[in-house]
Amino acid sequence: MSNTNYFSNKHGLSRFLLLVTGCCLLVTGLSACSSKPYFTQTRLIMGTVVEITATDKSAIEKAFSEIERIDALMSIYNPNSEISRLNKQHELKVSPDTLYVLEKAKYFYEKTEGAFDITVGPLVKLWNIKENMYKDADRIRVPAKDKIDKMLSYIGSNFIDIDAEKSIIKLQGNNLVLDLGGIAKGYAVDKAVEELKRCGVTSALVNAGGDLYCLGKKGWSYWTIGLQDPYKRNEISRKFALKNRAVATSGNYEQFFIYQNKRYSHIIDPRTGYPVDNNICSVSVFAGDCLTADVLATAIYVLGEEQGGELAKQFNDVEIKIMAR
Ligand code: AMP
Ligand code: MG
């Protein structure tokens with residue numbers, strides 16, 4: 001049975017508003033009882049602040065190397081990454097990591113009925129949210145509808161062919177562009193945790209800009225994750241005690257631009273070609289692994305409260321917290 005914890009009021013009465021932020025989760029460990037001291041190291045990777053806390057400094061180094069390795073394979077900002085080369089060549093023999101992530105992405109594409117779709121690359125470029133965020137209002141251009149509609153005809157993860165035995169990926173047509181921005185970070189967190197475990201670490205926290213995993217306990221207590229109030233940057237709206245659990249958040253309050261009084265988020269609805277426009281401010285997903293949490297947070301944000309809640313119920317061990325207007 002699904003363990004989904006979904007707060008919503010369909011009748012528009014007092015909605016039990018939860019949550020929280022995504023990219024700015026504030027994380028603390030409650031306990032000071034551990035015999036060994038914890039170290040926290042921070043690096044800028046995957047366009048975000050990655051923080052790893054554990055008692056073993058050399059294991060932390062190795063976990064960072066693992067995240068850097070995944071970034072080098074999957075970043076669209078690195079022209080030599082496998083994903084960039086695949087986007088250019090339309091056919092490539094890929095590493096086991098890229099193969100795994102692409103298979104997962106296709107699985108979630110089907111499971112979310114297209115709400116999660118890594119072929120949104122051309123739309124992400126067209127909307128140019130990351131640059132528009134920093135532009136003056138009079139310099140922002142919103143794409144024309146006919147351009148968006150044309151792009152929609154070649155958007156769809158069903159156009160990605162995967163030969164798992166040969167590890168060969170083919171992109172049908174010449175227009176497909178993959179963007180792993182909604183899945184690679186979660187996978188990288190999982191790989192970092194795997195590396196820490198391989199080094200014998202049983203207690204650690206890996207936090208990649210709010211996509212995080214709490215390994216074991218911190219001393220005698222669970223890890224305490226404070227979810228920041230999206231409207232008050234330095235305030236925590238709610239705390240969660242977690243052990244062997246991942247959390248990821250997606251929303252419209254960190255990466256967006258405003259054009260003619262309308263907010264355009266960095267998450268695209270692949271069914272319309274437009275940035276998601278619904279009443280959700282943020283979705284946090286708690287799951288057994290960070291890839292699943294990362295993907296479902298994006299997908300639920302696209303689908304909205306009701307459909308997103310139904311989607312979450314299909315997964316054992318997944319809980320969601322939605323903050324809506
Ligand atoms: P997140 O912030 O984890 O929700 O991921 C958002 C990022 O994923 C965006 O910056 C895009 O790179 C990409 N993206 C946008 N819309 C979608 C979508 N509907 N499905 C999959 N990836 C998306
Ligand atoms: Mg995410």
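Using N, Cα and C of the backbone, Cβ positions are placed for all residues, glycine too.
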From candidates GLY156, GLY173, GLY181, GLY182, TrEMBL puts in the same Mg(2+) site as ASP294, THR298 the residue GLY182
Binding-site residues considered: GLY182, ASP294, THR298; fewest surrounding Cβ atoms within 10 Å belongs to GLY182
